[in-house]
Amino acid sequence: MKWLKKSYVAIVMAFLYAPILVLIVFSFNQSKSRGAWTGFTFGWYEKLFHNQMIIQSLMNTLLVAVISSVVATVLGTLAAIGIRNMKKMSRTLVMNVTYLPIINPEIVTGVSLMLLFVFVKSAGIRLDFGFTTVILAHITFNVPYVILNVMPKLRQMDISVFEAAQDLGCSPSQAFFKVVIPEIMPGIVAGFLMSFTYSLDDFIISYFVTGPTSQTLPITIYSMTRRKVSPEINALSTIIFVVVLTVLLLVNVGDARRERELRMKARDRV
Amino acid sequence: MKSKAAAFPYLVWMLIFILVPLGLVAYYAVTTPDGTFTIDYISQVGEYTPVLVRSVWLAFLATVICLVIAYPLAFIISRHSGAGQRTMVMLIMLPMWMNFLLRTYAWMTILEKNGLINRFFAHFGLGPFEMINTQGAVVLGMIYNYLPFMILPLYSIMTKIPNSVIEAAQDLGANARKVLTKVLIPMTVPGISTGVIMVFVPSVSTFIISRMLGGGGNLLIGDLIDLQFLGNAYNPNLGAAISLVLMVLILLAMSITNQFGDDEKGDLLK
């Protein structure tokens, strides 16, 4: 029974990793064609680093992700605080609308935002498809994730600590920044990280609101895949995979260490 | 801290970037380009019934296969020790962090006419097999991209089921099949419905997977929408009408799934 379980896990893992392995192996392949191995080379990596379009779109992606997730975090945290103070009816209403971008297929969100920007343009307001529209769209799909991460923390928080801080001589803003914010910080950080990664990874919504300039990395990858043969994609995938693997390993090791420390502490107490 | 005003900036944002755009989708769907009311576009969607049926059918297949693959896997993982669980969950999440365009591109390398599988079989004088540009390839792409979305919610609900519950059922005379149908499945219904929604929604609305793996002959609803907005068939009104139909379709699918989710047995773990 045990080997059956083990081999089942192994098969699914093989399915998940085989394509990635293929990309990695072929990123070192001399031949341009996919499928035939003709010899080892670092050539595609060199080409990748000299590809201005890719470097530029990587920069754009990072910039869009930073700006949109910071704005979404501020907007969403404030929203969560305000929503918590609403009456039940309006709170339910606002939360239902907030869920919409999460429930809706991304393509519908993308199309709807595209129509909005087209509409705004046709109304005579100067708005170019590109950097601005992509950031506006990313903030829009990021805010709900911040709200959903901050809300539970607010619910757990005892509201009287805010009043207690004021009784002890804090001004309302001091009480807010020194008491409330630290209390809900884990939710804010989680919301920010989620926004940041969604923003980095988003293709579908960006695709509908992007312009001819300031492409993000996923958009550039898409235009590369359309040109059928471009082994630089393999090199790029390999780099992304190694970066993600490193980050996840670091986080995982950190978690394991923290867990071990907690266990040690618990033992010490006994 | 007691004020609702903090949510005000978000409420304005929500109005402009969530509600107005969806309103515009509905508006475009029922008006001609010069603004007169019509239901022509909505009824025109009926001409694409084969595409709608194909999208729902392929997404349904992908969802069912994901469930069948993920259920035993999630169970096996949930019975492991803490460290083992963490490692396996990390391994399942890792591919998700690579852009789905890259992952789908990898399958092109594997499945195409000169691809790895066909080259492998050619050594034995077999093939080439038609794999890419088939409906099977599209389903495979959906399964590959969205399988982790099925595994993770199942896993997170199964970790909450203690071994003793299963042992108790066995002690009371339930065989393996009874344990599965009378204990495990009823207790994991919320995980199943979350997983089903998280696989079905992106699958039914995809346009990249079908384009990259399905060739031109296996258009899905997503491709149809894309064609109306950014493709040759430029017709935003029809595109909006199809988007509206897609939204309704998904809301319907979700309310059906939620019906199962609200099953009283599903609440056992809450």
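Sequential numbering from 1, following the chain as shown.
Just so you know, glycine gets a Cβ as well, placed from its N, Cα and C.
The transmembrane segment feature in TrEMBL is assigned to B:7-30 (among others).
Sequence annotations record features per position, and here TrEMBL assigns domain 'ABC transmembrane type-1' to B:52-257.
Long-range contacts of the transmembrane segment (B:56-77) within the same chain, counting only residues at least 6 positions beyond its ends with a Cβ under 8 Å from a Cβ of the stretch, are 84-85, 88-89, 135, 138-139, 142-143, 146-147, 149-151, 154-155, 158, 184, 191-192, 195-196, 199-200, 203-204, 220, 249. Positions annotated as transmembrane segment by TrEMBL: B:56-77 (among others).
The transmembrane segment annotation in TrEMBL covers B:89-108 (among others). With a threshold of 8 Å between CB atoms, the same-chain residues lying at least 6 positions outside the transmembrane segment (B:89-108) that come near it are 77, 115, 132, 137, 140-141, 144-145, 148, 151-152, 155, 208-209, 212-213.
Using a Cβ-Cβ cut-off under 8 Å and counting only residues 6 or more beyond its ends in the same chain, the transmembrane segment (B:137-158) has close neighbours at 58-59, 61-63, 65-67, 69-71, 73-75, 77-78, 89, 92-93, 95-96, 100, 103-104, 107, 111, 131, 184, 187-188, 190-192, 194-196, 198-199, 202-203, 206, 209-210, 212-214, 218, 220, 269. Positions annotated as transmembrane segment by TrEMBL: B:137-158 (among others).
The transmembrane segment annotation in TrEMBL covers B:179-201 (among others).
Below 8 angstroms of C-beta separation, residues 24-33, 41-42, 44-45, 48, 52, 56, 197, 200-201, 204-205, 221, 224-225, 227-229 of the same chain, each at least six residues beyond the ends of the transmembrane segment (B:237-256), sit close to that stretch. The feature transmembrane segment is assigned by TrEMBL to B:237-256 (among others).
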